[in-house]
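Structure first, then comments.
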Amino acid sequence: MPGKQFPLKEYIAALAKFLDTIEYQDDNFSHEQRVESLRYVYQHTAKHFDQPIEKAAVTVSPKRLQAVMRTSTLVTVYCWVKCPLDVMVGVSIYFAYIIMLDDSSDTPTTEMKTFCEDLIKGRPQKHLFWQRMNAHLTNFLRYYDGFCAITIFRSTLDFFQGCWIEQNNFGGFPGSSYFPHFLRRLNGLGGISSATLFPRSEFDEGTVFEEIVTAIAQIEPQLTLCNDLISFYKEYDSPRDQINLVSNLAHCNGVSWEIAFEELTRDTILYCEQLVTVFKGKDPKVEATVRAFVHGYVTWHLCDPRFRMQEVYEQAGQSEADLKFRHFYEQATSIGVIDFKLWASPSRLSSDKRKHEQAFGDDPQNGKTRVLESIGQANASEAVALAPLA
C-alpha cells in the first residue's frame with residue numbers, strides 16, 4: 001500500500017495481542033547451547049553443499065549461497081529445538097534448496113511436462129530443483145515414519161506449485177474469495193514445518209498419531225498467519241512485496257486493506273489460541289515440541305533484521321499495548337540476536353573441526369546427544385528471505 005501512512009498503532013496492538021496469546025517466552029536454549037547448535041548445523045550444511053555434485057548444480061553466487069545457508073541454519077536451530085542435531089542438519093539443507101527455488105524467476109512449464117510420468121515410473125526428473133531435492137529427500141525421509149514422510153513430500157510439491165503461481169505474478173481474480181488462502185497454503189510450507197518436528201527417533205508415529213495429525217493441521221495456518229502478521233510492516237511500502245495475503249484478500253474480496261488486515265489479525269490470534277490450548281492434557285512431549293517450535297519461530301522473526309522489528313520497537317509509545325510489545329521484543333532480542341562471527345566465521349572452521357574430531361571422532365550418536373565443537377564457513381552480510389517466513 002505505497003503512499004499511505006502505516007497504521008502503527010493498530011499493528012503494534014495486533015502484535016502485542018498475538019504475543020500475549022501464545023504467552024511468548026522462549027526458554028529453548030541457553031546462549032552457549034544456541035551458539036554451539038548454530039555452529040554445528042551451519043558447518044554440516046556447508047559441508048553438504050561443498051560436495052562436487054552440489055557445487056555443479058548450485059547456480060547462485062558463493063556469497064548468496066553463504067547467506068542462504070545462514071538463514072536456513074538460523075530458522076532450523078531456533079525452531080526445531082527438540083530434534084536431534086542430525087535431523088536439524090537435514091532440515092537446514094532442505095530449506096536451503098527451498099530458498100534457492102524461491103529465488104528463481106523462470107517458470108518451470110517445460111521441465112514439468114513429464115514430472116508425473118517420470119515420478120510414477122521412477123525416471124530422473126528434468127527440473128534441477130527436483131533432481132537435487134529428491135536426492136536429499138531419499139536420505140532425509142529415513143528419519144520419519146510413513147505419514148510424516150508423505151506430508152513432507154506433499155508440502156514440497158505444494159511449495160513448488162505456489163512458486164509457479166507467484167512466478168506468474170498472479171494473486172487471484174476479484175470474487176475468488178478463497179484464492180488468497182489457497183496460494184498461501186501452497187507456499188506456506190506448513191506441512192514440512194510441522195511433520196519434520198516428529199522424527200521416528202523421538203516419536204512413535206503409531207502411538208501419538210492423533211497428536212501428530214493435529215499438530216500438522218494446526219501449525220499449517222498458524223505458521224503462515226504469524227509470518228504474514230509480522231511481515232506486514234516490512235511489506236507495507238515495498239513494491240516487490242505487494243503480492244501478499246493482505247493485498248490478495250483485499251483484491252479478491254473487494255475490501256479495503258484495513259478490513260483485510262483485521263481478518264489477518266483475527267485469524268492469527270484464533271489459530272494461536274487453538275494451538276496453545278488443543279494440546280493441553282495430551283502427550284506432554286508433543287506439547288513441548290510444538291510449544292518450542294512456536295516460540296522459536298517468533299524469536300526468529302523478531303530478531304531477523306529483514307523484518308525491521310527494531311524500527312517498530314523504536315517507534316512504540318507508552319500505551320499498554322506498546323509497552324507489552326516492547327517487553328516481548330526485548331525478551332526475544334536478548335536471546336536471539338547473535339553475532340554471525342560466533343558461529344559462521346571462516347577463520348575458525350578448520351581449528352574447530354579438528355577439535356571436534358579429536359573430541360568425538362566420527363561417532364554419529366555423539367552428534368545426536370551433544371552439540372559438537374564445529375563452526376560454519378562464511379560470514380556473508382547478504383540478507384535472505386525464507387519463503388514461508390518471508
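Using the three backbone atoms N, Cα and C, a Cβ is placed for every residue, glycine included.
Marked as Mg(2+) 1 binding site by Swiss-Prot on the basis of similarity to another entry: D102, E166. Residues annotated as Mg(2+) 2 binding site in Swiss-Prot: N227, S231, E235. Sequence annotations record features per position, and here Swiss-Prot assigns Mg(2+) 3 binding site to D241, I243 based on similarity to another entry. What Swiss-Prot records for 102-106 is motif 'D(D/E)XX(D/E) motif', and it gives similarity to another entry as the kind of evidence. Here Swiss-Prot flags 225-235 as motif 'NSE motif'. According to Swiss-Prot, the feature motif 'WxxxxxRY motif' maps to 316-323, an assignment based on similarity to another entry.
It is 17 Å from the Cα atom of S231 (Mg(2+) 2 binding site) to that of D102 (Mg(2+) 1 binding site). Just so you know, of the binding-site residues D102, E166, E235, the Cβ with the fewest other Cβ atoms around it within 10 Å is the one at E166.
Panel annotation: around the motif 'WxxxxxRY motif' (316-323), residues 9, 12-13, 16-17 of the same chain, lying at least six beyond its termini, place a Cβ under 8 Å from a Cβ of the stretch. This prediction places the mean pLDDT of the motif 'NSE motif' (225-235) at 92.
Calculated from their C-alpha atoms, the gap between E166 (Mg(2+) 1 binding site) and E235 (Mg(2+) 2 binding site) amounts to 16 Å. The list of residues near the motif 'NSE motif' (225-235) in space but at least 6 beyond its ends in sequence, with Cβ under 8 angstroms from a Cβ of it, reads 6, 11, 14-15, 18, 184, 188, 241-242, 244-246, 261, 264-265, 267-268, 271-272, 297-298, 301-302, 306-309, 311-312, 388-390. In the structure as shown, the Cβ atom of S231 (Mg(2+) 2 binding site) sits within 10 Å of 22 other Cβ atoms. There are 24 other Cβ atoms within 10 Å of the Cβ belonging to N227 (Mg(2+) 2 binding site). A separation of roughly 16 Å, to the nearest angstrom, links the Cα atoms of N227 (Mg(2+) 2 binding site) and D102 (Mg(2+) 1 binding site). Cα of E235 (Mg(2+) 2 binding site) to Cα of D102 (Mg(2+) 1 binding site): a distance of 17 Å.
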